[in-house]
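Report on the structure given below.
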Amino acid sequence: MRTAYCVDTVRAAERDLMARLPEGALMQRAAAGLAAACADLVGRVYGRRVVLLVGSGDNGGDALYAGARLARRGAGVTAVQLAPGRTHAGGLAALRRAGGRTVAPEDAAGPIRRADLVLDGIVGIGGRGGLREDAARLAALADGSRAAVVAVDLPSGVEADTGEVRGAAVRADLTVTFGTHKPGLLVDPAREYAGSVRLVDIGLDLPGEPDLEALQHADVTRLLPVPGAESDKYRRGVVGIAAGSARYPGAAVLAVAGALRGGAGAVRYVGPAGHAVLARYPETLVSDQGPERAGRVQAWVVGPGAGDDAGTVAQVLASDVPVLIDADGLRLADVGAVRGRTAPTLMTPHAGEAAALLGVSREEVEAGRLAAVRELAGRYGAAVLLKGATTVVAGAGGGGVVRVNPTGTAWLATAGSGDVLSGLSGSLLAAGLSAVDAGSVGAYLHGLAGRFAAVGAPVGAHEVAEAVAGAWRDVVRG
Ligand SMILES: NC(=O)C1=CN([C@@H]2O[C@H](COP(=O)(O)OP(=O)(O)OC[C@H]3O[C@@H](n4cnc5c(N)ncnc54)[C@H](OP(=O)(O)O)[C@@H]3O)[C@@H](O)[C@H]2O)[C@@H](O)CC1
Ligand SMILES: Nc1ncnc2c1ncn2[C@@H]1O[C@H](COP(=O)(O)OP(=O)(O)O)[C@@H](O)[C@H]1O
Ligand SMILES: [K+]
């Protein structure tokens, strides 16, 4: 499991550790890891032109000490001091001793243009809001140069705890972060500014529950349902799909396509698209009765392509098995009915649907995904999976750790791929996974399947469903 902690927790852990270590030891660990990562990135250090963007806090100190290490290995290092009177004194002295030089921000354009490597030490976890004007100008110069940009701890200008980007920020090729990932490194839009992320262990001891966690292959393998000798199709779980309409039969087909790949022993379909479903997937158990009379299931998926069929949504919500609500079902679901459920509920909105439920704009949801997913999970008393560039999953109530999905590709932004995800996660629910596990494992497999199906070219949602088995095998192989 990859984890991320918010700034307050990091600061407390740093204080504890610093009290037990000689002065400056932690910063030396950070700088050593940073310099090593830079050396790996550029391949050969000797003769490289390195520019340090140095703010007035310890983030600038890290950059200066790392710059000193690179200078001792033969790099030509120039530090741009944003606040000359308040630059980290020890770091500055170390850089000068190693032969580095300093320039004022107004003289930085030339060195940045000629640089091979730029280290962004403007702000780290002490930053608030988008970059101020003088810092933003340096970020723009770095963006316009051909240099590789390495962010120190965080890309300056992004919000460490939320992943928001409220103004100008540095765009990095690599972020070298210390002690733990910060939430902003895992959640868009900030995640995109970070480039690839390398974690340097500085010995921080972080307490129990993280703020965010991201599954990895080994975690998913442990959660996947696998049939044993005693299994039969009913014991593996039956998933009911109440989806599709005369207008949108395809949504039913795609949800069933996902459900068939999610580990349930049987897929039951209820709704007006039975013929279309059977034509494509003859193994589906099709019923033209409503959910109440369709036969026993261990979980329901309701909503994809459902149009205005509020009655079906209400029937499903009244059941005593886990329910996944997606698409039209989200609009039709009564908050009180969801809150009153005794079995788990998982809601799977995209940003537009989440915005409609919260009464805010889509942009607001996309800018602050963590706040939005927690808020929705609190309002509905349900687990919520918020889809998009970064998919995040909060448990019922919205408190506690949020799962963030590390797989996926923007090629998944194609009509119907959400229907596949709802079937897939619903199937995992029926197989016995908790709402958060079903959502996050479903998103993980779906994201991986999207990558396998796309390999750099457009795909249709049905191809994503077909690639799920390959994703599953890849996860299990490790
Ligand atoms: N603690 C430890 O043990 C370790 C900490 N480590 C390192 O320390 C970093 C934290 O250092 P920190 O606390 O000094 O804060 P930091 O991120 O440098 O920012 C403060 C400065 O930013 C400025 N500023 C703020 N917002 C701004 C904006 N929007 N635009 C522009 N400027 C802005 C603000 O200016 P002021 O408001 O004071 O004028 C202030 O001067 C951490 O990320 C890690 O790299 C590692 O060495 C490992 C050990
Ligand atoms: N920019 C993106 N990057 C990665 N994944 C994305 C992006 N945009 C959408 N997705 C994923 O694609 C799927 C789209 O689902 P959804 O919006 O419900 O589509 P539909 O309603 O057409 O089925 C979701 O799994 C979502 O996370
Ligand atoms: K930084």
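Cβ coordinates are placed from backbone N, Cα and C, and glycine is handled just like the others.
TrEMBL lists ASN59, SER156 as K(+)-binding residues, and of the candidates ASP116, ASP120, ASP188 the one it assigns to that same site is ASP120. Site annotation (TrEMBL, ligand AMP) includes LYS387, GLY388, ALA389, THR390, THR391; from GLY359, GLY418, GLY423, GLY426, the additional listed residue is GLY418. Taking the mean position of the Cβ atoms of ASN59, ASP120, SER156 as the K(+) site, the remaining same-chain residues with a Cβ inside 8 Å of that point are LEU53, GLY55, GLY60, ALA63, GLY121, ILE122, VAL123, GLY124, GLY127, ALA151, VAL152, ASP153, LEU154, PRO155, VAL170. Cα-Cα distance from GLY418 (AMP binding site) to HIS350 ((6S)-NADPHX binding site): 8 Å (rounded to the nearest whole number).
In the three-state DSSP scheme, ASP120 (K(+) binding site) is classed as strand.
Using a 10 Å Cα-Cα cut-off from LYS387 (AMP binding site), the binding-site residues that qualify among ASN59, ASP153, HIS350 are HIS350. Neighbour counts of Cβ atoms within 10 Å were taken for the binding-site residues ARG128, HIS350, LYS387; the minimum is at ARG128. Only LYS387, ALA389, THR391, GLY418 of the binding-site residues listed as LYS387, ALA389, THR390, THR391, GLY418 bring a Cβ under 6 Å of any atom of ligand 2; the order follows the sequence.
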